[in-house]
């Protein structure tokens, strides 16, 4: 895959999708959804030696996140991000 990105079968690409829950309350609200790159591989021995808690498997991933967004108010006073552009980048929410 020359550009480093690929699509997995059954998993849509990272793109804007309308949020049906918030959109039914007025103007459409969009959020980034879809798949990006991820892989897992055995942890190299030299890396294991530097880990506080050695792990046998190392994983790498990027997540579908907003590259740009605007703030919107829904349900009277709830502030949400209305995504306007998506890309695959650092995963902000993950288990440690």
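Here the Cβ of each residue, glycine as well, is placed from N, Cα and C on the backbone.
Keep in mind that what you see is a predicted model, and the values were worked out from it rather than measured.
According to DSSP, residue 35 (disulfide bond) is assigned to a strand segment. The number of other CB atoms found within 10 A of the CB of residue 35 (disulfide bond), across every protein chain shown, is 18. Look at Swiss-Prot and you will find 11-35 (among others) tagged as disulfide bond, backed by similarity to another entry.
Counting only same-chain residues six or more apart in sequence, the Cβ atoms lying under 8 angstroms from the Cβ of residue 14 (disulfide bond) belong to 32, 33, 34, 35, 36, 64, 86, 87, 88. If you look up Swiss-Prot, you'll see 14-64 (among others) marked as disulfide bond.
For 32-86 (among others), the entry in Swiss-Prot reads disulfide bond, with the evidence type similarity to another entry. In the three-state DSSP assignment, the secondary structure recorded for residue 86 (disulfide bond) is strand.
Positions annotated as disulfide bond by Swiss-Prot, on the basis of similarity to another entry: 36-88 (among others). There are 22 other Cβ atoms within 10 Å of the Cβ belonging to residue 36 (disulfide bond).
Per Swiss-Prot, N-linked glycosylation site is recorded for 56 (among others), and the stated evidence type is similarity to another entry. DSSP assigns residue 56 (N-linked glycosylation site) to coil, not to a helix or a strand. With a 10 A radius on its CB, residue 56 (N-linked glycosylation site) counts 7 other CB atoms from all the protein chains.
The annotation disulfide bond is assigned in Swiss-Prot to 63-91 (among others) on the grounds of similarity to another entry. Cβ neighbour count for residue 91 (disulfide bond) (all protein chains, 10 Å cutoff from its Cβ): 14.
Neighbour list (residue 82 (N-linked glycosylation site), Cβ cut-off 8 Å, at least 6 residues apart, same chain): 29, 30, 69, 70, 71, 72. Per Swiss-Prot, the feature N-linked glycosylation site maps to 82 (among others); the stated evidence is similarity to another entry.
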Cβ atoms near residue 64 (disulfide bond) (within 10 Å, other residues, all chains): 22
Where residue 64 (disulfide bond) sits in the secondary structure, as DSSP reduces it to three classes: strand
Integer Å distance between the CA atoms belonging to residue 91 (disulfide bond) and residue 11 (disulfide bond): 17
Local backbone state of residue 14 (disulfide bond), from DSSP in three classes: coil
